[in-house]
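Some features that TrEMBL has for this protein:
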DOMAIN    77-361  domain 'ABC transmembrane type-1'
DOMAIN    300-562  domain 'ABC transporter'
DOMAIN    699-937  domain 'ABC transmembrane type-1'
DOMAIN    973-1206  domain 'ABC transporter'
TRANSMEM  76-96  transmembrane segment
TRANSMEM  116-141  transmembrane segment
TRANSMEM  194-215  transmembrane segment
TRANSMEM  222-242  transmembrane segment
TRANSMEM  305-326  transmembrane segment
TRANSMEM  335-357  transmembrane segment
TRANSMEM  630-650  transmembrane segment
TRANSMEM  699-723  transmembrane segment
TRANSMEM  796-814  transmembrane segment
TRANSMEM  880-902  transmembrane segment
TRANSMEM  908-929  transmembrane segment
Amino acid sequence: MAGLCQLIWWLNPLFVTGHKRKLEEDDMYKVLAEDSSERVGEELQWYWDKEVQKAKKEARTPHLTKAILLCYWKSYLALGFFTLIEETLTVIQPVFLGKIINYFEVFDPLDTAALNFAYCYAAALSVCTLILAITHHLYFYHVQRAGMKLRVAICHMIYRKALRLSNTALGKTTTGQIVNLLSNDVNKFDQVTIFLHFLWAGPLQAIAVTALLWIEIGPSCFAGMAILIILLPLQTCIGRLFSSLRSRTAALTDVRIRTMNEVITGMRIIKMYAWEKSFSELVSSIRRKEISMVLKSSYLRGLNLASFFVASKITVFMTFMTYVLLGNVISASRVFVAMSLYGAVRLTITLFFPAAVERASEKFLDLMFDSYIYSSINILSSLLSAVLGELPKDKGLMDVRGRIAYVSQQPWVFPGTVRSNILFGREYEREKYEKVLKVCALKKDMDLLEDGDLTVIGDRGATLSGGQKARVNLARAVYQDADIYLLDDPLSAVDAEVSRHLFEKCIYRALHQKVSILVTHQLQYLHAVNQILILKEGKMVGKGTYSEFLNSGIDFASLLKKNEEVEQSPIPGIPTMKSARNRTFSQSSVWSQDSLVQSQKDGTTEPLVTALPEESRSEGKINFKIYRKYFAAGANYFVIFILLLLNILAQVRYLMDDLLHVNCLNTTLNKMDIVLTKMLLHCIIKELDLCIYCDRFCLILGLTMATVLFGIVRSLLVFTVLVNAGQTLHNKMFQSLLKAPVLFFDRNPIGRILNRFSKDIGHLDDLLPLTILDFIQTLLQIFGVVAVAVAVIPWILIPLVPLCILFIFLRRYFLDTARDIKRLESTTRSPVFSHLSTSLQGLWTIRAFRAEQRFQKLFDAHQDLHSEAWFLFLTTSRWFAVRLDAICAIFVIVVAFGSLLLAKTLDAGQVGLALSYAITLMGMFQWGVRQSAEVENLMISVERVMEYTELEKEAPWESNKHPPAEWPSQGVIAFENVNFTYSLDGPLVLRHLSVLIKSKEKVGIVGRTGAGKSSLIAALFRLAEPKGRIWIDKYLTSELGLHDLRKKISIIPQEPVLFTGTMRKNLDPFNEYTDEELWNVLEEVQLKEAVEELPDKMETQLAESGSNFSVGQRQLVCLARAILKKNKILIIDEATANVDARTDELIQKTIREKFAQCTVLTIAHRLNTIIDSDKIMVLDAGRLKEYNEPYILLQEKESLFYKMVQQVGKAEAAALIETAKQVVLKEVVIKFVSLVLFFTS
């Protein structure tokens, strides 16, 4: 009771605030300690661990259900007490109703004793009504809160499990699959707790009702109960069938979410390849299968709901036909008592009990992920994986002592500020932090960022270049002050100058007292290390010092450029590598050599959860336009009109049944008067009665069958229209997403976008159609009940009109707050998914830094924020419902006592109708109003989906101006005063760029990180619209359709992307090439052997993001794609940055052979890959600084390119200059031979 009193009052200030203005996150109340994610999660985890241990001893599979039961059975069992009270009162209430009607049947104005008893029965009926209102909402408050705790605990466990997934298990488990567990599957726990008590309450209530009906109408009750008992197994079977369909739907949803996750992650590549249509077809195909299952599930739900609404008609019809045919006379008290009792048991037997069976039989989760062995792995990275413990050892010993810091090959950053990414949970020490920025070459980058190191870098580090992300990763490791540093090729993503700076200042100096294992393809630095380990095909083929290898003649020597001038100590002042490793990072005197520069922003600590830009939220009530668009998406206006008409007809049929029952009752009562006056012979009366009953039997049977038919048809039609609406909106949203500019994906975290496709689409498929149908049926029943009640007893309007006015006002007041809370619930859900997605991407880094506990706390913090909104959503709904039921209870009391006060003017039938309708209205009215509010709340999901159907679009895929099929035939590219920015309010990343690239020219593009190299490619592909003009073979690119442009330019991207699907689909998504062509191209890139080893060759399904291939192999697949397209223009965006020297050599050789007649633009940090280019383009801060032949640029000692070459070391620089010289000589010889041949011919 105390809980209810609190529920009535403590939310009032929130509603006042919500009525005045839009609610914000700060307005929400902190989550209760006993509901916190960490507490409930760890509690259930303890029981799960016990269950796992017990199962291991008993040699069986552990069951999550058992752990849940052990954890929650005591607290949940106690809630059964409320169910017992509620169901008992529901059964007793019709008895008191019967006693009041009975008083009117034998009404005697002089019998004061009977009147006193009638007042007592009215008082008892009123008390029952009030207690029912209290216990019902106390029960629902507690079971929904229990459901919330269970869901939160399961989510905590899923994330905990995800952080501990083995490397092999990750091969088959996808991010989309785990996101779907958190977004859709676990939501069933919110509902399962509501109905479970009805598994025992339903049968008990049925027995009690049968007993009372036996007392009231004798054996005739079995006719009605038989109908309910027949419906019970039928609905139970439907419930089980529904759960089977649900599990199949969940599997398809997993696939769709996984695919969506890959599409969102790889959207930049998809756009560059112009593969949007291919992925549109893929997602549409999966969605069609999913929606087919959803539709079947919805039809089953429709049958369940229809049976609930028609069950009362069938049961009453069968009961009283049997009663009359057995020779009994109907009385008002018997009719209304029976109808009320059937009404009470119908709700439990036909709705709650099947729902309990449906929820209980549904399989929600499988926390045990399957294992999957990688088919091939990067050997060098695998060595580090083994040290990290990510790869299980087969045999032998491995002893790792000390704290490890790990820098991954593919840089990983999480949403937050640059500073929070570097600190990674450590305390902010300004002096130490500034030194880390300096040695990791990040100071200049911090100056360029608008908010310095407090710039929010977003999901996947969208605002940083590849090199900046690599240096942030390195800075994170250096700041940790670990004992062992595992550096997986951190130098490959940066230019030569920065690479040298990082090696000299960071790896060689700052970490000189640490154990450092550096995986690298930058061989120019090997002379400075203590030990070199050479691996080949997973085996160690050599170990020793630099000088030992040079003298050994081993394969290693062929990889290096021997030079007598190799410096043994190239960096003055660097301590020797043999110096003692006994000082900590913070005491290192190395730092004193570099002067300090202040951080961009001062601060002492980094908050636990970094505030990201808030997700947009609508304000105010849901616009009618949203409803109109939603229904129009499901069907045309004619079908919607038919649907509306069908619903009205179904309700009219329903009411005609009621009116006929009342008419039949009045006729029967009149017949009693005829019998009593003995004006007709007994046989005539019998004959007349039989005639009347036969006529009425046929009429009522016909109406009942019509009611059943209309009820089923309208349910199925409503579900068909609304599920189709969900399908249409999903397709529109996905199409809109595919046409959105790349900037949209850079600014919005994956979790935020996935939230729309998982939770919001889940609402459109699952909850919204059911809620709308329930609301429509309830609303029409309310109108019908009120119409009949007013027609029979006009004075009932007196309390009814103010009641309706009060309801409308209360609903409006409630929705002012409820809408904002629902929107907050939706937006606070997104960070949970984003955090999970980000964590899975950086799993190795998190585990290497032993940061699992901190990331678990971050996840719990995100969950607690969502729980604040969800808890308010539950409690505000109860706040509203308590008030509605209180008003309805007052209405019942007024009608009960009002009937007694007006006893002289009313007959038993009228009182029975008025009271039974008042009791029916009590539940129905407040349920209808609450369902209308729930519809509006769920329509927020429609609003959010529609928001994504109207995203800003990039230029059209096709335009009226189509270039010829053979375009571009020459491959001439001209930039004319091009300025480029990724957004209208963003800084210029290319400034006044004008350059001509001739046909078949090979152009190397260089510049320090952030100089605008990748932006130049983005401008060429029109990932954002550049200002100025870009021409390709005399066609202005801005006048072409994006697909016409992008399909004609091949690219080998910086980060190779493979998608889940077959190898064939990854090479040829549009089935444009034959098997022979595909095998030939795989052979050319030396992947044929690897693909042939796969179980189904080219038809083998790849793991998520192609993770069962090494980075080098994925890059070769991208090369194969480029060869297949046979375009005249090829872009290579640092394609060999993350591959070993042999793969690099293979790629370069293939490019020279296959693309000799093409224009090739190569962005590279390894200068040896572009030194033989026809031209070198040097960019700095978005401006073209130099553009000429390499050898000519190297002759100018002040040129930026010359300085960059000198940064790689003397030996390497000399080799590069020599190569450039040989290229010039070769060209001269070719020209000379050409001239000789020309003149001699």
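Note that the numbers count up from 1, one per residue, in the order the chain is shown.
Using N, Cα and C of the backbone, Cβ positions are placed for all residues, glycine too.
For the transmembrane segment (908-929), the list of distant contacts is 93, 97, 100-102, 104-105, 107, 125, 129, 133, 331-333, 335-336, 339-340, 343, 662, 665-666, 669, 775, 778-779, 781-782, 785-786, 788-789, 792-793, 796, 803, 807, 810-811, 880-881, 884-885, 887-889, 891-892, 895-896, 899: same-chain residues at least six beyond its ends, Cβ to Cβ under 8 Å. Here the domain 'ABC transporter' (300-562) returns a mean pLDDT of 75 for the predicted model. Most Cβ pairs under 8 Å to the transmembrane segment (222-242), among the stretches 76-96, 194-215, 796-814, belong to 194-215. Two recorded stretches are said to be in contact when at least 3 C-beta pairs lie under 8 angstroms, sequence spacing 6 or more; the transmembrane segment (76-96) and the transmembrane segment (305-326) fall short of this definition. Of the recorded ranges 305-326, 335-357, 630-650, 880-902, the transmembrane segment (116-141) has the largest number of C-beta contacts under 8 angstroms with 880-902. When Cβ-Cβ distances below 8 Å are used as the criterion, the transmembrane segment (880-902) is approached by residues 4, 7-8, 100, 103-104, 115, 118-119, 122, 125-126, 129-130, 133, 136-137, 140, 795-796, 799-800, 803, 806-807, 810-811, 814, 818, 911, 914-915, 918-919, 921-923, 925-926, 929-930, 933 of the same chain, each at least six residues removed from its ends.
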